[in-house]
């Protein structure tokens, strides 16, 4: 019998819905895989085997009763980043301050997965409160890249990406604040999409930076990712930033793209995201991908977005400022960790709790954000960063007057060794150079595997970017490229 963990989500869905295999069998196969290999990768913080099998059995019983599947992915299990609230398992955000905390409500995204009949295998590891690019900032230990367990799996969503790459889950959910879906996808040879800001509900997503955070789908193929995208997208009145608009036709676009015809599509190569400072193997892989797009019939032109050179500086003022505000809620008074050594004032309890509960990177960003928002510095730092953010959005708008999509490497580097950059925050931040602009503008982007770097035989990703509310363009181009590229090596 075929190892069910080797099949893509779309294949599994077809077999489950035709009752060739059961959802319980598929779910159990992945739970067995987790039990067998996750001690090596540490992709999961919590495994919910009993709940997942109950959800799978409900799907099987419904299908046996002659009912239509609840969704195109009904019965296919998923790994959920541990930053979305769940009532039946802990939500820790990989932080000591929330260790063991169980939320009183499900996130909207969690509810959508349950309603779609998608069993949740468990919660995946991340950088604490989604702050990091390597998943080394987790309070519960780093995740390891299935391609090379001495290397990082990207971040902040390295757990979700590693679960996919190691065949512990056929689907996963991540969040993307500055590249936290796309960069892990690139360095694990998986697919990840940052949807248009406001198209996937943030209700129940523990906030890092509210104007940047966006939940999104992850898979091993473009079609799988599109199928999941349509499940989780949609307006939510409980999220004030949610866009009230129809879900984009991303599945149809992925199927169209797989036919391999990009005639009439204009692709822009961003001059500022193609540098000699990038790893040579990454540039070579990207250049080869661009040639492949040309061969598919796309018209490729170079475009300039000058303000992108300031994206990193802008992002690392906007994000810490919002972090400083959002994480003020962890005050030891309402939920989470409480350090109280007796005879302590409320201020002392709060200070002791935050000192013990937050890790170094979270503290660093809180301090930077508090400083940037302080009296006398607000305009010079935060205000200036917002102006640059506007310029970045304008550069995107000008570019999209000429082209349909933009492309770049997803990350300038392949995955580095665990511990290599922990003591150098700036070196770590540079891995997000190519992904940050999309978040600052609120647009959408995807990372698709583009092969292995000739430098070190490690994965490289092609980033495809599109305007807000044009997510389907990502899937058409991504699926066309994926089909033309053909199969690539897998981690395991």
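Each residue, glycine too, has its Cβ placed from N, Cα and C.
Record features, source Swiss-Prot:
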- 81: active site, charge relay system (ACT_SITE)
- 156: active site, charge relay system (ACT_SITE)
- 180: active site, acyl-ester intermediate (ACT_SITE)
With H, G and I counted as helix, E and B as strand and the rest as coil, say where DSSP puts residue 156 (active site, charge relay system).
coil
If one measures from the C-alpha of residue 81 (active site, charge relay system) to the C-alpha of residue 156 (active site, charge relay system), what distance in angstrom results, rounded to a whole number?
10
Should residue 180 (active site, acyl-ester intermediate) be counted as helix, strand, or coil on the basis of DSSP?
coil
Cβ neighbours within the same chain of residue 180 (active site, acyl-ester intermediate) - under 8 Å, at least six residues apart:
126, 127, 130, 133, 155, 156, 157, 174
Using a 10 Å cut-off on Cβ-Cβ distances across all protein chains shown, tell me which of the active-site residues (81, 156) has the largest neighbour count.
156
Secondary structure of residue 81 (active site, charge relay system) (DSSP, helix/strand/coil):
strand
